[in-house]
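Trainee: Below are the structure tokens for one structure; questions will follow.
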Amino acid sequence: MKILFATLLVVTTPHLVTGQIHWGNLSKIGVVGTGSASYKVMTQSSHQTLVIKLMPNITAIDNCTKTEIEEYKRLLGTVLQPIKVALNAITKNIKPIKSSTTSRRHRRFAGVALAGAALGVATAAQITAGIALHQSMMNTQAIESLKASLETTNQAIEEIRQAGQEMILAVQGVQDYINNELVPAMGQLSCDIVGQKLGLKLLRYYTEILSLFGPSLRDPISAEISIQALSYALGGDINKILEKLGYSGSDLLAILESKGIKAKITYVDIESYFIVLSIAYPSLSEIKGVIIHRLEGVSYNIGSQEWYTTVPRYVATQGYLISNFDDTPCAFSPEGTICSQNALYPMSPLLQECFRGSTRSCARTLVSGSIGNRFILSKGNLIANCASILCKCYTTGSIISQDPDKILTYIAADQCPIVEVDGVTIQVGSREYPDAVYLHKIDLGPPISLEKLDVGTNLGNAVTKLEKAKDLLDSSDLILETIKGASVTNTGHILVGAGLIAVVGILIVTCCCRKRSNDSKVSTVILNPGLKPDLTGTSKSYVRSL
């Protein structure tokens with residue numbers, strides 16, 4: 001029941017399973033996923049000491065090979081002497097530091113210090129490597145014990161265990177040839193032929209040593225040697241060496257492909273002719289739930305212009321989260337993505353919206369020249385920009401034309417089983433993508449420029465427009481200030497005028513009131529009936545007229 005539910009969940013929610021990346025909408029603008037892998041990070045390395053014994057044990061054929069051995073020693077000296085000088089130059093200037101406490105009882109080792117004045121010029125990488133070199137070096141007693149053990153061994157690979165120390169692996173690349181071919185043939189071959197055979201073998205071995213340690217001649221302190229290169233000096237049997245080193249992790253192939261196993265020179269002996277290496281082989285830690293997706297894009301046409309969507313080549317998903325992924329410190333293998341450090345960093349919200357299906361959030365740029373893919377095979381279907389390249393149905397011989405309203409053409413077996421595109425013949429499968437992606441149904445993102453010259457030109461134009469906008473804003477501010485001052489002045493004038501009008505109006509009203517008051521008094525005196533004139537001796541007619 002649980003298995004059935006899980007199957008239904010995968011079928012019904014494909015985008016949820018793939019980390020919320022909407023592959024359906026992305027395919028409409030020419031972006032498809034070409035693979036997914038787990039994410040693993042290298043953790044703290046384990047260290048193992050390896051000794052390359054450059055001088056084989058030739059006790060059984062010593063009488064026939066003296067000349068060849070002397071010439072071989074001379075050649076080895078030209079390689080080992082510069083490395084020895086460089087190692088001594090930095091190791092002799094590294095001294096231990098004691099604790100600063102005065103108590104003898106509490107005095108202890110506190111670390112190491114580099115005598116910079118005596119050393120002179122050294123880079124930060126050389127100083128760091130020099131400190132690590134000092135910490136991995138064997139003491140004099142251990143070196144002498146190692147010399148004695150190497151002189152007595154005649155095995156190609158020998159495990160040497162010293163008292164109180166870890167196992168040391170000693171390797172001699174020519175010893176098997178001497179033991180298995182030259183020594184048994186001593187009775188059938190003359191002494192000269194044995195010497196010549198050994199001389200040729202030693203010369204070839206010297207060439208391998210020179211190619212291996214040649215780059216270390218310039219900077220033997222910080223130079224690292226990969227285990228692949230080291231295998232040539234170990235006789236070519238890398239599996240046996242790794243087995244002897246005790247490494248049997250399931251991620252061995254991934255670590256080898258990512259070149260995670262490194263070796264550094266810690267000691268060179270130019271008398272006994274051997275080199276001591278410190279080999280670091282890391283373990284891997286898988287970050288659960290993180291999936292790395294690889295993306296590829298196909299260009300598409302809008303009219304006569306060819307565009308492609310600008311998305312990163314790799315992205316990482318963890319549940320609903322989508323992050324950018326820096327593939328610089330990483331290697332890709334069938335076992336997953338192996339990184340020497342954390343390669344995830346945040347993604348902008350706009351780009352996250354693009355991956356979640358909002359095509360209007362996906363920026364696009366013009367195709368310059370012949371840059372960009374014009375077709376890609378995904379889920380057995382051919383996604384092609386048939387407006388820019390010739391698409392032909394190989395089965396029928398007809399040309400597959402692209403509708404001007406379409407930005408891409410999706411070809412499956414129902415349309416043409418065998419397709420010839422840009423001179424390549426491809427057999428396609430059943431339809432997985434609908435061939436109905438029209439321009440008017442897609443919201444395309446904003447156009448941007450990725451070319452350095454175009455970006456610089458656009459930035460210059462933007463700065464110029466900003467300066468002009470600033471000047472216009474300053475002018476508008478000045479106009480606003482002028483209008484503000486003028487409005488204040490006009491308001492004052494209006495208020496003064498209104499005050500004067502009000503005063504004049506009050507005066508006029510006052511004068512009118514006084515005049516009316518005087519007129520009313522005069523009329524009262526004339527019309528008062530209590531005052532009668534003296535009419536004595538006046539005729540009746542006159543009185544009547546009055």
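Cβ coordinates are placed from backbone N, Cα and C, and glycine is handled just like the others.
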Trainee: Taking Cys386 as one end of a disulfide recorded in Swiss-Prot, give the other end from among Cys391, Cys393.
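Mentor: Swiss-Prot says the disulfide from Cys386 goes to Cys391.
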Trainee: Out of Asn25, Asn518, report back the residue that Swiss-Prot marks as N-linked glycosylation site.
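Mentor: Checking Swiss-Prot against Asn25, Asn518, the N-linked glycosylation site entry points to Asn25.
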Trainee: Sorry to bug you, but what's the C-alpha spacing from Cys330 (disulfide bond) to Cys391 (disulfide bond), rounded to the closest Å?
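Mentor: Spelling it out, the Cα of Cys391 (disulfide bond) and the Cα of Cys330 (disulfide bond) are 37 Å apart.
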Trainee: Please give me the CB contact count at 10 A for Cys362 (disulfide bond), counting all chains in the structure.
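Mentor: Taking all protein chains shown, Cys362 (disulfide bond) has 24 Cβ neighbours within 10 Å.
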Trainee: So which one is it: of the disulfide-bonded residues Cys330, Cys339, Cys354, Cys393, Cys416, which has the fewest other Cβ atoms within 10 Å?
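Mentor: Ranked by other Cβ atoms within 10 Å, the disulfide-bonded residues Cys330, Cys339, Cys354, Cys393, Cys416 bottom out at Cys393.
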Trainee: To the nearest Å, how far is the Cα of Cys416 (disulfide bond) from the Cα of Asn63 (N-linked glycosylation site)?
Mentor: 77
Trainee: Could you state the CA-to-CA distance between Cys386 (disulfide bond) and Asn63 (N-linked glycosylation site) to the nearest Å?
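Mentor: The separation of the Cα atoms works out to 77 Å.
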Trainee: Taking only the Cα atoms, work out how far Cys393 (disulfide bond) lies from Cys330 (disulfide bond), in Å, as a whole number.
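Mentor: Cys330 (disulfide bond) has its Cα 40 Å from the Cα of Cys393 (disulfide bond).
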